[in-house]
Amino acid sequence: MAFNDLLLQVGGAGRFQQIQVTLVVLPLLLMASHNTLQNFTAAVPTHHCRPPADTNLSKDGELDAWLPRDGQGRPESCLRFTSPQRGPPFPNGTETNGTGATEPCTHGWIYDNSTFPSTIVMEWDLVCSRRALRQLAQSLYMVGVLLGAMIFGHLADRLGRRKVLILNYLQTAVSGTCAAFAPNFPVYCAFRLLSGMSLAGISLNCMTLNVEWTPTHTRACVGTLIGYVYSLGQFLLAGVAYAVPHWRYLQLLVSVPFFAFFIYSWFFVESARWYSSSGRLDLTLKALQRVAWINGKREEGASLSMEVLRASLQKELTLGKGQASAMELLRCPALRRLFLCLSMLWFATSFAYYGLVMDLQGFGVSIYLIQVIFGAVDLPAKLVGFLVINSMGRRPAQMASLLLAGICILINGVVPQDQSIVRTSLAVLGKGCLAASFNCIFLYTGELYPTVIRQTGLGMGSTLARVGSIVSPLVSMTAEIYPSVPLFIYGAVPVAASAATALLPETLGQPLPDTVQDVENRRRGKRRQQRQERKQMVPLQASAQAKDGL
């Protein structure tokens, strides 16, 4: 637990921390774009059946003669007449005569490209009987995020944070660029899955590498900064998607910069905390001396030696030899409680979050405007979350954000459908609370797990979050039973999960645990403190009773 003192000795939050944190969080601007990219690249424009090829569309009324109307007088999206109907229209607007038989769109569709000149829906006709394929593409992306959280979280504990980050940047650049040139839908889905895997690794290692290089008093600031960069990425996506509406160009634009991130990531300094937990004191010394030199603390860096490190990190070296396996999360009682509680929090946050943000067209307003509003609400929400995290602690911040988000969504479920302003406002407020919950849980998870298994723990938490994001679209199908059923489910889950925070310890102002034994000691220390408090209360109660007797 003396590692924080070593960080302060070599400069604390100095020039090195400022530079590396900036370079590590910069790619998160575009990671936000990838997560909700399909709101734009897979947008569904207004469409109707294409008539036979020999139809003279320049003739007035010829196109309308092929199109039946729905109850509101609009052309049917998935049906057309088997032959042109040129009789007088019926009052309800459903047909133009009484003999018109309909059939599916055998010649394809005509799309309204006034807002979106090209989307994957238009290019591969993901409408009507093929509309489920649109959700499949997003679900496969989330499956990739799930796999990436499991694979790269474990690899980062084995190989180090820096190596995995370098690999993730390259994989994102290549797979994202290839997706922009995909010749067909299955190839596109395959590359989106690979992008999801690598972006999960970037998200996890970004947080861990920064937290492990910053002193205790600045960790909350770093966690909040990461959250704000992600929120700015949502603004960036709205602007870029508006300027570049063609899906292939947009996909390319948010992927190519990762080649630059891959190049400069070779200059990152590996986590010295990870080196020490792996028993590699020689590399720990080199990393700390390099950081001291960058921070202008050359004398302090020169005073470090192998003997100093052995004396400072004696407990970590004794108890933390080797890497803890993922099974420790279930085998060790202290870790098992953390794992189960944090899994509930990760799942609930992601489940409700993606239930709201992946249906922007359902709000009935400009998709670009709602994207900006959803991004804007993050700014005050995360500021309030930061103030609560720093003043009251991580546990109350986590509980309050989930509880308020769930309440907003539940209230939205009973608001009438025609109250669009009220419903949109409640959805935006709920989304802001969920964004604050995400911000808190990344920091909270990193502080609760010990260094030897931190990335694995973060990876498992992110895995449960991806399970939530995969299940979330399936819940939306319950709207066929009753329109508000999805909202009741989206709201009930975070409300129930918020109770799990009561079983977690507070980490405000506490040093990061390095070994599983540190977590056990923290748990035992809390029990010992509670016993001492109870013992102190006994004489006080006896004294009070004696006074009452007098």
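Cβ atoms here come from the backbone N, Cα and C positions, even for glycine.
Copied over from TrEMBL, here are the features:
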type     : residues : note
DOMAIN   : 27-509   : domain 'Major facilitator superfamily (MFS) profile'
REGION   : 71-98    : region 'Disordered'
REGION   : 513-550  : region 'Disordered'
TRANSMEM : 136-153  : transmembrane segment
TRANSMEM : 165-185  : transmembrane segment
TRANSMEM : 191-213  : transmembrane segment
TRANSMEM : 225-244  : transmembrane segment
TRANSMEM : 250-269  : transmembrane segment
TRANSMEM : 338-356  : transmembrane segment
TRANSMEM : 368-389  : transmembrane segment
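If one looks beyond the transmembrane segment (338-356) by at least 6 residues along the same chain, the residues whose Cβ comes under 8 Å of a Cβ in the stretch are 142, 329-330, 398, 402, 405-406, 409, 427, 430-431, 434-435, 437-438, 441, 444-445, 448-449, 457, 460-462, 464-469, 471-473, 475-476, 486, 490-491, 493-494, 496-498, 500-501, 503-504, 519. By the Cβ criterion (under 8 Å, sequence separation of 6 or more), the transmembrane segment (250-269) is not in contact with the transmembrane segment (136-153), since fewer than 3 such pairs are found.
For the transmembrane segment (136-153), the residues of the chain that approach it from at least six positions outside its boundaries are 38, 42, 120, 164, 168, 185, 188-189, 192-201, 204-205, 354, 358, 455-463, 465-467, 469-470, 473, judged by C-beta separation under 8 angstroms.
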